[in-house]
Amino acid sequence: MQDVTTLPFMRVVTELGPPDYFFTEYFRVYAHSRLIPYILSSITENPSGRPVFAQLIGEDLEALARTARELQAYAVAGVDLNLGCPAPKVYKKNVGGGLLRDPEHVNRVLGTLREACPGRFTVKMRIGFDSTEHYETLLGLVNKHGIDLLSVHGRTVKEMYRGGVHYDFIRQAVQTVRCPVLANGNITSVPKARAVLAVTGAAGVMVGRSAIRNPWIFRQLREAAAGEKYFRPTLADVRDYIDRLWQATLRPGSPPKRHIAYLKKFLNFVGQSVDPESSFLKAMRRAQTPDELFAICDEHLLADGAAERAYAEEPYSGVIARPNHEGDPCEPEQGCSL
Ligand SMILES: Cc1cc2nc3c(=O)[nH]c(=O)nc-3n(C[C@H](O)[C@H](O)[C@H](O)COP(=O)(O)O)c2cc1C
């Protein structure tokens, strides 16, 4: 995820229980693009010991092939193509989710990247742009080009992040393609993952936003899959997570105000499971200094017996991470805002 699954966040998740695989935020690929060093560092300095796939977004065949070849010099588990980003600035350039309107060009892109990737070549896609009319054709292309792994976010681009996820379409992918499929979209907890795996028959799940809210989710999923009682964090664990995030994302010389703003993006998700009245969220959004922010965290997560309270497994209903900012999580020109 853009501006989230950075090296510092990978470090924190690694400490708390990493996923089986990571996917980098995407490298933008165009005629004169270069591999961006800070994204590359999540591959070269990957602290997790888990495989990491390098994700690309683009539509220029020559540039995609060149980039895929360049990546072979690094310890990547494979190259992943983004066919899902719903940000208008992105899809208007006919990349990410925008490419789903043009299966013929997807065919060329997949053919080019398949040829350029001697190792694994994987695809992350939504189920269509504004309808699912090309979905079957796109799944056929996944088979035609021998894609090694397909992750499906069960919404169209135009649906952004609204409404339910169409898990029946993920099931259709599982029944159609020859490679393993990861189900993506609103995998919020162990019970939700179990339900989605049962409905879709997918080989696994891909977790996005819930990893920000609940970085223990990968550990929980692994423990549950092994038939063990899985870890249930308390609010004290959440307080510790916030400390880790703060430390990991500190940049020398960066003004505290900027750092607070960055951390608040994460806390917007974290707050969804702290209390049903959004008291923590409302308070932390007002914090101006690190001292204020940490005092608010202490008050809501540690004081008066809060420390031992369970962190809710699901987000509280009606507690939203990004009020007045529906959809559009990616503003790649400015970096990405959550
Ligand atoms: C802030 C943010 C950044 C994202 N960046 C990417 C990205 O770079 N590549 C990608 O494939 N998906 C990206 N996504 C989409 C997620 O990977 C995922 O498909 C989507 O959020 C639905 O899954 P979830 O309900 O588990 O979050 C991003 C999502 C968010 C919220």
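Placement of Cβ uses the backbone N, Cα and C atoms for every residue, glycine included.
TrEMBL labels come from automatic prediction, so no person has curated them.
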Record says Lys124, His153, Gly208, Arg209 bind FMN. Source is TrEMBL. Which of Gln55, Gln72, Gln247 does it list for that same site?
Gln55
Express in Å, rounded to the nearest integer, the largest CA to CA distance found among the FMN-binding residues Gln55, Lys124, His153, Gly208, Arg209 named in the record.
17
What's the number of neighbouring CB atoms sitting within 10 A of the CB on His153 (FMN binding site)?
27
C-beta crowding around Arg209 (FMN binding site), within 10 angstroms:
21
Cα-Cα separation of Gln55 (FMN binding site) and Cys85 (active site, proton donor), in Å?
12
